[in-house]
Amino acid sequence: MDMISDNDSNIQILKSFISDFISPLSSKSFSLGLGLMLLDQTHSAMSFGINMIISPLVSLVFLIPIGNLVDRFQHKKILLANILIRVVALIIFLLSLSVFSGKSIILPTLVFVTINAITVNISDTCYSASVHELVNEQKIQKLSSITQTAIAISTVLSPAIGVVLYSWVGFSGFILVGIIANLLASIVVVSMTFHYEASSGKQINQTELGIKNQLENFKESFAFIKENNIIVYIILFSIILNFFYTSLVIGVPFIIKQQFHFGNTTVGLLETASAVGMLVGSISLSLLPDRKKERRVLFLSIAIPLLILDLQIIVLGGVFTIFKSQQMISAFGSLSVGIVALSLVVLNIIVQAYLQTIIPTKFLGRVMGTLFAANTSIMPIGTLIFTYVFQNMSSGGIIFIFSGVILFMYTLLLLPKIRPLL
């Protein structure tokens, strides 16, 4: 692989920001429009929950083939083919709207959402595995920070854009906008330079595409994970963290609407605070110098946001337990949720940049695919459990306090094991 200069890395980071802004903005806005369309057509409460069910299933079922695909083929070709498949799926979905209506629209929707979930999974895994080909090692954290910044901005803007577009052009117009956005993203990808390893021609013969060889290739990545305890600990902790994070996703709107009867304004305020926290965290890390090669600095960069995150979940539980007025809950709840989001995005950027630094490119797709699958698969389980718990307990704040204490104790047990491995 040719050495990538700082100037070339900065150009790649800018292009990555544009691509990572267009794609999530289009995807998140489209998801909202899809939910509104299904609600109008089917009047079902599940209209906004289909993607939450399909995505984890796709992550599990396609974990092995996607990981092998990303590690065996050139990433630029994968990304471009992926965009083409998504555009074709959008066109077919658009045509199906004239054939299906009412509750029958759920059939083409399920097909499209499944194809879209597969392409999103491939894109996320492929981008994570491409970092060594896009920027030099000194710029990896900046690339991760800029990516999170783009996602945070799109998260803030997408609800408003989604509602406005749905009102102006309807769902058919929404699909056309999605097609245009994907074509723009493809132009950006075409302009990006991927510096492939000289030893990796990524030439694939037919036997490597067989099911047996697919399993053998993935066993190779699992053996690599087992040999690196730090990766095992990171995957295990991310599963636990995502499980308890679902308590916030489920619990915050439930407590505000069902326990306090405050309505959607307060829910929207706390969601905005969360998006702002993400944005502040990602921008801050993109501006700070990367000193993570120092083991002590790396450990503190992981431990501090992790402990703050745990404590803020406890604090949020205290806010919902102590305060009763809408003004106090809006103010202190927004502050607490914002700090949780900031801590989470900082932790995510640092850990992801660290993994992308220590994992060889030939394993990166399969390892990151395993991490993504583990994270997404635990969330439906957390959703079911915490939905039941919140519906059967009168004080939701106590649940947050209990969750935060367990997570804090688990963190204190895990950190001493992680430190010598960094």
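Every residue gets a Cβ built from N, Cα and C, even glycine.
Predicted automatically and left uncurated, TrEMBL annotations should be read as such.
Taken from TrEMBL, the feature transmembrane segment applies to 45-66 (among others).
According to TrEMBL, the transmembrane segment annotation covers 78-99 (among others). Same-chain neighbours of the transmembrane segment (78-99): 69-70, 105, 108-109, 111-112, 115-116, 119, 122-123, 126-127, 171-172, 175-176, 178-179, 182-183, 185-186, 189-190, counting only residues six or more beyond its ends whose CB sits under 8 Å from a CB of the stretch.
For the transmembrane segment (105-122), the residues of the chain that approach it from at least six positions outside its boundaries are 27, 34, 37-38, 41-42, 50-51, 54-55, 58-59, 62, 66, 69-70, 78, 82-83, 85-86, 89-90, 92-93, 96-97, 99, 369, 372, judged by C-beta separation under 8 angstroms. What TrEMBL records for 105-122 (among others) is transmembrane segment.
Taken from TrEMBL, the feature transmembrane segment applies to 143-168 (among others). The list of residues near the transmembrane segment (143-168) in space but at least 6 beyond its ends in sequence, with Cβ under 8 angstroms from a Cβ of it, reads 9, 12-13, 16-18, 20-21, 24-25, 28-33, 36-37, 127, 131, 134-135, 174, 177, 272, 275-276, 278-279, 281-283, 285-286, 345, 348-349, 352-353, 356.
Only residues 6 or more beyond the boundaries of the transmembrane segment (174-194), in the same chain, are considered here, and those with a CB under 8 A from a CB of the stretch are 8, 12, 15-16, 18-19, 22-23, 25-26, 29-30, 33-34, 37, 74-76, 79-80, 83-84, 86-87, 90-91, 93-94, 130, 133-134, 165-166. The transmembrane segment annotation in TrEMBL covers 174-194 (among others).
Residues or ranges marked as transmembrane segment by TrEMBL: 230-256 (among others). A Cβ distance under 8 Å defines the sequence-distant neighbours of the transmembrane segment (230-256), meaning residues of its chain 6+ beyond its ends; these are 262-263, 266-267, 270, 309, 313, 316, 320, 329, 333, 337, 340, 344, 351, 355, 358-359, 367, 370-371, 374-375, 378-379, 381-383, 386-387, 390-391, 396-397, 399-400, 403-404, 406-407, 410-411, 414, 417-418, 421-422.
What TrEMBL records for 231-422 is domain 'Major facilitator superfamily (MFS) profile'. Confidence over the domain 'Major facilitator superfamily (MFS) profile' (231-422), given as mean pLDDT on the 0 to 100 scale, stands at 89.
Residues annotated as transmembrane segment in TrEMBL: 268-288 (among others). Nonlocal intrachain contacts for the transmembrane segment (268-288), taken as residues 6+ away from its ends with a CB within less than 8 angstroms of a stretch CB, comprise 141-142, 144-146, 148-149, 151-153, 155-156, 252, 256, 330, 333-335, 337-346, 349-350.
Taken from TrEMBL, the feature transmembrane segment applies to 297-323 (among others). Same-chain residues lying 6+ beyond the ends of the transmembrane segment (297-323) with a Cβ under 8 Å from its Cβ atoms: 241, 244, 247-248, 252, 255, 259, 291, 329, 332-333, 336-337, 339-340, 342-344, 346-347, 350-351, 354, 395-405, 407-408, 411, 415, 418-419, 422.
With a threshold of 8 Å between CB atoms, the same-chain residues lying at least 6 positions outside the transmembrane segment (329-355) that come near it are 128, 140-141, 143-145, 148, 152, 231, 234, 238, 245, 248, 252, 256, 260, 262, 266, 269-270, 272-278, 280-282, 284-285, 290, 292, 298, 301-302, 305-306, 308-309, 312-313, 315-316, 319-320, 323, 367-368, 371, 422. Marked as transmembrane segment by TrEMBL: 329-355 (among others).
Sequence annotations record features per position, and here TrEMBL assigns transmembrane segment to 367-390 (among others).
According to TrEMBL, the transmembrane segment annotation covers 396-415 (among others).
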